[in-house]
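A.B. asks: Below, the features straight out of TrEMBL:
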- 18-27: disulfide bond (DISULFID)
- 1-28: domain 'EGF-like' (DOMAIN)
- 371-612: domain 'ABC transporter' (DOMAIN)
- 305-328: transmembrane segment (TRANSMEM)
- 721-742: transmembrane segment (TRANSMEM)
- 754-778: transmembrane segment (TRANSMEM)
- 799-826: transmembrane segment (TRANSMEM)
- 838-860: transmembrane segment (TRANSMEM)
- 867-887: transmembrane segment (TRANSMEM)
- 953-973: transmembrane segment (TRANSMEM)
């Protein structure tokens, strides 16, 4: 009994049931002449002695008339089919198996088209230069396709296998090398052209041991490759030529296409033959397993394209839903928002026992910080530097206070604490805002010492920008414009309202005008209290006088009196006289807090420090504070000077009446910063300051914030058009340079390396050019910090506007330009699908690198560090991208770094996209012609996977999402004003 049957024959008792064209006890002997109707009586090639194999060429086998192909299994004429069938019936004397019903045409014909009706045979020549270089003699492939074996003239004789099966054998110089089988086959037809395709699953192949392909030549042993063939297989054939009656076919399978290209293994001179009854052909017109030419007339969308369209559609739908949601919220806010009010000022400011501590230099290190935190937990602040020590004071609406003192006295620190700025150290004390309802936070306007303004906007545009963001949503734009006009008129800026602000590089308005614009930014928002940090520093006497006049007019406005507090470094005599209240600091302690004018000089004269008549009182006070007597600290104790000592009685009565009326009408708004009186129990209550003085809600809705920010960015982009056109011009020049460098690369192995080099160059170019995004964020960071600290807008709205007007015009568009020019000049895959997939990858990489540089710019306030890390990361990506070093040759201890490299996924996706177009390498190595798929060379040279395109797309999306979330998180948590 036969235990094994070659060629996937089936065991039948003591013998094997063999595929058509084979016989013998193990199905290893090919037929030698004869025809397919003879079955087991058909002559076979005899088994030679020794280790050789049955050889059709050596046996001198030839085909009968009407039969062709290797093994003579392919009919050519109807006479051949009828003669072969008749001879078998006459010799057996039996009836026709499977006879047809009366009236049907049972005439046998020979179907020579690629389409199969029952069981069809085909025989082809294998033509491939690379394969022929290794195996120079003739190679032939026989394929038996079984559509419905019950319809063949002699089932189990002229047919083999079940429905939808396919069997194939490859012969080299007449000797069988390997055989394959598959099932679950479907037949796809193009009725208009006559082409046919058989698509099957569950492929399996067996290499015949010691055959020429399978170890007969050790250096070219294909056993491992052939035996691992599996999965799906496709045999596609064009319509036969009318002159030669032969066709061109291709044999496609994953491993084969990776070696020989997407077209698979080319088969030439294919002949088809199938003996079948005419009635079967007539009845097959309604065969459901075939497809018409109309069905195959267009190409269907791939799964990746469908997934991409689904993602894009989802993003568009989310964007539309977001806009609708924002519009509804804004509509509600404009209808039900707070009632518009022209009220400004009206709030007093009182502070009591304000103290501020910062770590000493030794405690700023890591180990010192650990020890400091342990002491702070116990309430021990003995080793910390005291910046402010129990400072108290008050300012009423309609009063203007100057905080004086030498450098280092604590003026700016006190100003920032009163303004509710976030401080790095520890603050204690109480800040109170009488006349402010307990349910609302005071509106505090803070003008920093430096003028941080948008240089490309005009004065009117800068103020209207603030009005749209800081005034309530329900206030119409006409009223906001009126407010801006009123502020411009009060500040004396009418002559320059349409002049750009400018900066150090582009000349605009003067320094004094900039200071008034900075004040105007706060006045537009109608503050209850206005606090300024050295508003006259750096200004000439005329400009300082104008600023002081503006502040004095604001404080003493008869309709809306406002408390104004300003730190002044060294005021002139005229400037000093404009202040109603004076607070003098020395070494963090208050030496004087009371009325201005000559009152401070009279007070200190009474303390034994003489004052010379006619001398500038401000200079006198600074002299006193520069080296104050110890007794002066003991006499003041940080408390406010009594009004009875320095204020006339009628003035005192007026102030007391104002305070009492205010307290009766409104509850006090208090901010408890902590207490520190020296006792250990109270020291434990000292906490870092967390300002609650201004509302956490923004005046404008998110959609309005985005709209206003986008309008500003669009104006800047239009006015600074050189930035955009420089990016476009540089992208065009680099595209021409890169395209010229790799102009029309050939399809040799060296040419393919050049193609990947071109792709690598584009990726490296994007990595380094995105550094400009980092610099731009560093450049505008101070403006963002100032505007965020004043609650202009949400950080998310700012980031989104940066994306719309920085990433798209300055990053994405230049990337598309340089990539498009290079792509067509370099002669890459010349079809639209691969071009747009190429652009898609580069745009994704551009977004990833831009967000990465945003992340560095937000993470490090020092722009030099951020730029250094970005450049180093670009070099790291170039190292692990797979171009300079084969990915599999990287030492295992470092190999994992490739998975953190966005450029690796970008380069792999670009290379896979290029070879996926069917790129074939045609070259000659040491006289041996090479004609293989570029995907094989890609894997050998760079280690890229042929099916990794969509995986790389998902990974790039993950990088974009990760960097985006990181940027949003860092901007929200870290990029905030800390003083």
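Positions of Cβ are set from backbone N, Cα and C atoms, glycine also.
Please go over these features one by one and say how buried each is and what sits next to it.
C.D. replies: Taking Cβ-Cβ distances under 8 Å and a sequence gap of 6 or more within the same chain, the neighbours of residue 27 (disulfide bond) are 5, 6, 7, 9, 16, 18, 19.
Cβ atoms under 8 Å from those of the domain 'EGF-like' (1-28) belong to residues 36, 40, 42, 44, 47, 54, 71-73, 119, 121, 142, 144, 156-161, 167, 169, 176, 179, 181, 204, 206, 208 of the same chain, restricted to positions at least 6 beyond its ends.
Cβ atoms under 8 Å from those of the transmembrane segment (305-328) belong to residues 701-703, 706, 840, 950, 953 of the same chain, restricted to positions at least 6 beyond its ends.
Non-local neighbours of the transmembrane segment (754-778) in the same chain are 727, 734, 738, 741-742, 745, 802, 806-807, 810-811, 814-815, 818-819, 822, 826, 828, 842, 845-846, 849-850, 852-854, 856-858, 863, 866-867, 870-871, 874, 877-878, 881, 883, 903, 906-907, 910-911, 914, 938, 941-942; each lies 6+ residues outside the stretch with a CB under 8 Å from one of its CB atoms.
Cβ atoms under 8 Å from those of the transmembrane segment (799-826) belong to residues 706, 709-710, 712-714, 716-717, 723-724, 727-728, 730-732, 734-736, 738-740, 742-745, 755, 758, 762, 765-766, 769-770, 772-773, 776-777, 835, 838-839, 842-843, 846-847, 850, 854, 967-968, 971 of the same chain, restricted to positions at least 6 beyond its ends.
Counting only same-chain residues 6+ beyond the ends of the transmembrane segment (838-860), those with a CB under 8 A from a CB of the stretch are 308, 762-763, 766-767, 770-771, 773-775, 777-778, 781, 799, 802, 807, 811-812, 815-816, 819-820, 823, 828-829, 866, 869-870, 873, 902-903, 906, 909-910, 913-914, 952-953, 956-957, 959-960, 963-964, 966-967, 970-971, 974-975.
Same-chain residues lying 6+ beyond the ends of the transmembrane segment (867-887) with a Cβ under 8 Å from its Cβ atoms: 756-757, 760, 763-764, 767-768, 770-771, 774-775, 852-853, 856, 860, 895, 897-898, 901-904, 906-908, 941-944.
Under 8 Å from some Cβ of the transmembrane segment (953-973) lie the Cβ atoms of residues 304, 308, 795-796, 798-799, 840-841, 844-845, 847-848, 851-852, 854-855, 858-859, 902, 905-906, 909, all in the same chain and six or more residues away from its ends.
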A.B. asks: Using all protein chains in view, find how many other C-beta atoms are within 10 Å of the C-beta of residue 18 (disulfide bond).
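C.D. replies: The Cβ of residue 18 (disulfide bond) has 27 Cβ neighbours within 10 Å.
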A.B. asks: Looking at the domain 'ABC transporter' (371-612) alone, can you tell me the average pLDDT?
C.D. replies: 87
A.B. asks: In the domain 'EGF-like' (1-28), how many residues does DSSP put in helix, strand and coil?
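C.D. replies: Residue counts for the domain 'EGF-like' (1-28) by secondary structure: 3 helix, 8 strand, 17 coil.
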